[in-house]
């Protein structure tokens, strides 16, 4: 944290309300502030999944970075698609069952974007990562039992891969295993290192008061 005009100014801000993204960063030992953005997350007409998650990651980081111009602000977003069908967070049991009924025996493509924004230095780094989750053939009973157990209502694609959802997969293809959890940490760490804002072990070089 830095001191500015007698106020504590965060060095790293996570522009997200996702407890999963925050948990991943905490596991790395990062110190950060959480400030959730409130943006329209609907896809634009004709927008590709990769472009959608990159754009929303950027919009989240951009909005919050305006409040903390000296901080490194992290925005991230994830979009799930199967057969061209967008699978946002299902929100309820019926929709989650519908998703898995459609995707069983198929592949869900998860596009996970991340953006690092710092206003004072005019830094804006962004990318997206594709993860392909191959879903096993599932019976209606298995689907309903899974949804009742894991309650993946706040997970894109209707599957909570960090918990029981992993049992529904036959294969997972990804260049970054953290991406499917909601934030591509390999890309994020590379961005922070490019900005001299991260050293190993996981500690921001700007944490000194």
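Cβ coordinates come from backbone N, Cα and C, glycine included.
Feature annotations, reproduced from TrEMBL:
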- 20: site 'Important for substrate specificity' (SITE)
- 77: active site, proton acceptor (ACT_SITE)
- 78: site 'Important for substrate specificity' (SITE)
- 162: site 'Important for substrate specificity' (SITE)
C-beta crowding around residue 162 (site 'Important for substrate specificity'), within 10 angstroms: 15
Long-range Cβ environment of residue 20 (site 'Important for substrate specificity'), under 8 Å and at least 6 residues apart: 162, 181, 182
Three-state secondary structure, which DSSP defines for residue 162 (site 'Important for substrate specificity'): coil
Those recorded positions listed as 77, 78, and which of them has the most Cβ atoms within 10 Å of its own Cβ: 78
Local backbone state of residue 20 (site 'Important for substrate specificity'), from DSSP in three classes: helix
